[in-house]
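Working notes, beginning with the structure itself.
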Amino acid sequence: MKVESRSHNVHHAHGEEEKVMTRKQKAESKAHEVEHSPKKAKVEDEKNGHTNGKSASDVVQEYDEFCKATNEQLSLEQMKEILEANDLDSSGSDLEITRRCQDLLFFGALEKCMVCNGNMEFDGRRYGCRGFYSEWSSCTFSTREPPRKDEPIKLPDSVQNSPVSDLLKKYQDPSKRPQRDLGLAIKPFTGMMISLMGRLNRTHLNFSGASCLVASPAERDRGGTSKLADAMERGIPVVREAWLTDSIEKQEPQPLESYDLVSDLSVDGKGIPWDKQDPGEEAIESLSAELKLYGKRGVYKDTKLHEQDGKIFEKDGILYNCAFSLCDQGRKLNDYCVMQLIVVPENSLHLYFKKGRVGDDPSAEERLEECENVDNAIKEFVRLFEEITGNEFESWEREKKFQKKPLKFYPIDMDDGVEVRHGALGLRQLGIAATHCKLEPMVANFMKVLCSQEIYKYALMEMGYDSPDLPIGMVTNLHLKRCEEILLEFIEKVKTLKETGPKADAIWSDFSQKWFTLMHSTRPFIFRDYQEIADHAAAALEGVRDITLASHLIGDMSGSTIDDPLSDTYKKLGCSITPLEKNSNDYEMIVKYLEKTYEPVKVGDIEYGVSVENIFTVESSACPSYADIVKMPNKVLLWCGSRSSNLLRHLHKGFLPAICSLPVPGYMFGKAIVCSDAAAEAARYGFTAVDRPEGFLVLAIASLGNEITELKSPPEDTTSLEEKKVGVKGLGKKKTDESEHFVWKDDIKVPCGSIIASEHEDSPLEYNEYAVYDPKQVRISYLVGVKYEEKDAVIDTAE
C-alpha cells in the first residue's frame, strides 16, 4: 500500500480552543454570554470584600504559593491518584490534570453540574461543565461561583506520606478553606506569556514558554524578520497589537487566530478556521473558494484524482463517498470529515480521508492511499466509518438507520447531483452562455442571473452555510426532512417550556449543537430567541431547500456552453417568462404600485431607493391558471419578497408555505404563504447588500377566500388557521392609503396607496401582511427586476 502523507497535525487540543464570536453576534453586538450563579457556597464579609477573614489578593497569593509547592512536591501520577480517589477525571493534558487537582486540594471538591450532573472544571477563567447534555451536545453551563462539597478531600497513601502532606491537610477542614472569588476584576492575561516585537511600547524577545508574539504591521510588511521566522518555527502564534488592546478592553483573551499577522507567510498557507476570522475576511475567502465536493459522485478536489478522470467507486448499488459534520459548542468543535474510495483508469483504487475545520487545511488530518485490492479497501472504509460515527456503514447506506453518539460525526446525506457552486455558470462563462442562448435576449439575461454561481455563493455565505468542503446545496430530501422535523420538535418544546434559567438555556444549547451538526455552518452559535431561529434556522433551511432544487435544475454547466444550457434549464422550469412592454398599461400600473408603496431600505445612515429595470409576465404550470384564479373570491395583487437564489424553485414549484410557526414577522401566521401590500416589505427580503444592487420582487394574485380574519397581534395557536385555510390579514404599524386603492381587471383589487401610519402602533409588523394557506390560491403573475440606488448620491465626475 502506497501512502501519500500531507500536512498535518490533528488540530484539536481537548477543550482548549479559544472562544469566537459568531457573525450574528458581531453584527448585532450581542455579547450576551449568560453566566448563571447557583446559591453561593462561601462565607463573605460584604463590607470589606474578604472571605473567611482573608482578602481576595491574600487568597490569590496563598494559592500561587500552594501551586508552586505542589508542583515541586507532587508528581503527575500522584495528582492522578488524588483525582481518582475523589471520583474525578484523571485524563487530559498535564496542565489540565494539574489545574484540576490543585483546585480540588485548595478550594475543595466541586458539586456536580446543576444542569446535567456532570463534573465541573476550572478552565482558567470560570468553571464549566465537562458533561454531556445529550448524544448531540456537550453541556455548556458555566459559572464563576460553583457550589462545593462540605467534606474533606480523600488523600491516597502515596500522598499521605509525602513531604507535602502537612500542607494538604491544612485545607482539609471545609470551614477553613479559602474561597475563590472570580467575580472580581480578572487580569485578562493570567497564565499567559506574551512576547513583543517591533515599534510597540515594550519589547521582549524571549520566546521561552511564550503563548504568542505581538508584532507591529511593519514586521509583516517587511516579509518576516529572522526573529519572526524563529517564532513561526516554534509554532508561536504571531498577532497584531489590536489583540492586546481588545483583550484588555473585553477582560478576556481574544481568539489569536482572528488577529493573525503572518501565518499566510508559512509554507502551508494561512490556515485560519473561517469561524475564527473576521466576517468580512471570511466572506472574501468564501466567495473566491472553489467547491471541493459537489455531490455523491463528486471526487474531492484536493485528491487531484479528478484530473486523472477518477470516479467514485461503486459496488452493489453503494457509492463509497461519505461526508460528515460535528458541532459541539462545549468542546469548541466544528469539524467536517470526507472519506472516499476513488477509481482511476487502469483500475487503480485509492482511499481518501480528511478530517478538519473549514479554512484550516494545514491542521487537517488527511491521507490518500493507493489500495492493493478492493476487499481490503472496502474493509478499511467501513472501519473508518464506524470509528468516526459509532455506527454500521451498510445500515446507514442501505436503510438510512443511524444513532448519533457523543462526540461522533453525523453523516451529511449527499444527493446524486451537482451542487450549484460547481455546476452553475462561473463569471467567465456568463457572457458566452447568454450569447449562444436562443431565448429572447431579456429572458436569456434573466436566466443567466438565475444560473450563475454568484447568487448562490452569496446566499450560502450570508446564511453561514458556505463550507467549500461540504455540498450543503446538494443534500437529499431525507436530510432536509430530518432538519425540518428537529426544528419543529424544538419549537414545540420551547413554546411549552417550563424550565427556566440554566436548564432552559441548556435546551437551546442542545438544539443549536444538533442543528449545526445537521446543517454544517462556518459560523455556528447558540440560538437565544425566536428571531434568531427564524433568521438562521427556518429561513436558512428554506433557502438551502430552494438552492438544492436549483442545483438539480441547473445540473452541470461547468463544461462547454455552446449547447445552450440556459435554454435547457428554462425548458425544465415548466414556466413561460415574457418581457412586459414598457408602454403597456400593466407596466405603468406596476411601476405606480411600486413607487407608491415603497419606502427606502436603510443600511446604517444610508437610504436606498429603487428603480424598475424590467418586468416579466409569468405563466407557471405549478400555479393555478389565470382563468382559475379569477373565479376565486377576494382577489388581491400583492408583493412577495424573494432572494434571487430562491426564484428557480418558486418558478418551478410555486410558492410553498412557511416551514414553521414562530411569533415573529414572516412566520407568525404559521405555515402560510405571506405577502404584503407594501413593496417596501418585499424589498427588505430582496435587498441583500450594497455591492449587489440588482434584485427581483414578485407580484402574485392571491385569493383570500370568502372569510378574512384580521389580526392585531400574533395568534397563540396557528393550527386552526392552517386547518380552515382562511385568509388572514395582519395589521401593521403602517398601511397603504385605502382612498387610493383601485380595482384592476377581472375584479382584482390593487391596494396601491401612499404609506401612512395606521392605528396599530404596537403591532409587531411594520406593514400589513396577508397570509394564504393553500398554494392553489396564489398565482405568481409578474417578476419585477429592480435596482437599489443610494438616495441623494452625488457622482464625482471630475478627473
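Glycine residues also receive a Cβ, built from the backbone N, Cα and C atoms like all the rest.
Counting Cβ atoms from all protein chains shown, CYS113 (Zn(2+) binding site) has 25 others lying within 10 Å of its own Cβ. What Swiss-Prot records for CYS113, CYS116, CYS129, CYS139 is Zn(2+) binding site.
Per Swiss-Prot, the feature domain 'SAP' maps to 71-105. Here the domain 'SAP' (71-105) has long-range neighbours at 13-16, 63, 119, 121-122, 124, 130, 153-156, 158-159, 162-164, 167-168, 171, 180, meaning same-chain residues at least 6 beyond its ends whose C-beta is under 8 angstroms from one of its own.
Summarising the annotation, Swiss-Prot assigns domain 'BRCT' to 189-261.
For 436-555, the entry in Swiss-Prot reads domain 'PARP alpha-helical'. Sorting each residue of the domain 'PARP alpha-helical' (436-555) by its DSSP state yields 84 helix, 2 strand, 34 coil.
The annotation region 'Disordered' is assigned in Swiss-Prot to 1-55 (among others).
The annotation region 'Zinc ribbon' is assigned in Swiss-Prot to 108-152.
Taken from Swiss-Prot, the feature region 'Disordered' covers 140-161 (among others).
Secondary structure at CYS139 (Zn(2+) binding site), as computed by DSSP, is coil. For CYS139 (Zn(2+) binding site), the Cβ neighbour count at a 10 Å cut-off comes to 25, with all displayed protein chains included. Taking each of the binding-site residues CYS116, CYS129 in turn and counting other Cβ atoms within 10 Å of its Cβ gives the largest count for CYS129. Helix first, then strand, then coil: DSSP counts for the region 'Zinc ribbon' (108-152) stand at 0 helix, 15 strand, 30 coil. Counted with DSSP, the domain 'SAP' (71-105) comes out as 25 helix, 0 strand, 10 coil.
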